[in-house]
Amino acid sequence: MLPVENPMSSSHTRAVALFALGFRQFCTGSLLLPLFGILTCFITAYIFQPDDIHETHCRVYNIIPSISAITGVSPQRYLWRICVAFHIAPRLLIAHVYYAHYNSIIMQRPQSERSHLSKHLRFCFWLSMVEIGTLCGVTYVSNRENYPLHEKIFIGFMISSLTYMLALIRLIRAIRPDMTPNEFNSFRIKKALFAVSIVSTVGLIVFFLKHRLLCHDMAFSWFAFCEYVVASCNMAYHFTAILDFPNENLIVGSGFNVQLSSDPIVEELPTVRQKTD
């Protein structure tokens, strides 16, 4: 993007934007990468490598391959790793933006509440970091290369992901009793996705045990189906960022008067009050 002068800047400083991108578009592009990767890996592996992706230690009938199976064969593993590589850096930035956003809200709360809420926010942030780290782990440590380690990292990913979902929902409930319509829709979607994720995780565990211990036909297919549901809910949960930040922008430039998020800003917007349970 060509440099542009900001007419709203101080008369003594020429504000130049070297690059500008809507945060909504930034989130959309980065968060759709894993979906594109999984769909491409699934379709190509199912068509061209059905024997490789349906193979299990029980040798039972199976029609749905797991995510680890479709992203563990070649050349799909390379596409998946590329998609995750381009996905991780934006996820780190999004996590920091969420932290700054909710921290600015906490700073407007009564002094007696700030300490507890700040600890809760830091807990959410580090859970997000663990989730991103374990996503890297399950991506770059293939189940075909090191299954025991892959399995342990996958368990870590599931625990950190679900815990983060719940912790963030509880944080939002605590700090935003009055929400804008976008925030309310995002909050409602987050709660629904978390509920579906919990149910699917229970199914995932049950069918995995049936497959591993009893070698039931189709048990692994049901396990894989639950895995896809969990993955889809995880992607959709993070995709709600487009509702949380609909008008923000990423700007690289100089000469702008920047208002830090730690400085409280009171903005009059339409709100929707949460129903108390």
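Any Cβ shown, glycine's included, is placed from N, Cα and C.
Whatever TrEMBL says is automated annotation, not expert-curated.
Since this is a predicted model, take the numbers as computed values, not measurements.
Feature annotation from TrEMBL assigns domain 'CWH43-like N-terminal' to 25-247.
The feature transmembrane segment is assigned by TrEMBL to 31-48 (among others). Tertiary proximity for the transmembrane segment (31-48) is limited to same-chain residues at least six positions away from its ends with a CB under 8 Å from its CB atoms, namely 65, 67, 69-71, 73, 76, 79-80, 82-84, 86-87, 90-91, 228, 231, 235, 238-239, 241.
Listed by sequence, the residues of this chain that lie at least six past the ends of the transmembrane segment (78-100) yet keep a Cβ under 8 A from its Cβ atoms are 23, 26-27, 29-31, 33-34, 36-38, 40-41, 71, 121, 124-125, 128-129, 132, 135-136, 139-140, 238, 241, 244-245, 248, 261-262. Residues or ranges marked as transmembrane segment by TrEMBL: 78-100 (among others).
Marked as transmembrane segment by TrEMBL: 121-141 (among others). Tertiary neighbourhood of the transmembrane segment (121-141): same-chain residues 68, 71, 80-81, 84, 88, 91-92, 95, 98-99, 102-103, 106, 149-150, 153-154, 156-157, 160-161, 163-164, 167-168, 171, selected by CB-CB distance under 8 Å and a gap of 6+ residues from either end.
Long-range contacts of the transmembrane segment (153-172) within the same chain, counting only residues at least 6 positions beyond its ends with a Cβ under 8 Å from a Cβ of the stretch, are 68, 102, 117, 120-121, 123-124, 127-128, 130-131, 134-135, 137-138, 141, 183, 187, 190-191, 193-194, 197-198, 201, 230, 234, 237. Positions annotated as transmembrane segment by TrEMBL: 153-172 (among others).
Among the features that TrEMBL reports, transmembrane segment is placed at 192-209 (among others).
Mean pLDDT for the domain 'CWH43-like N-terminal' (25-247) in the predicted structure: 93.
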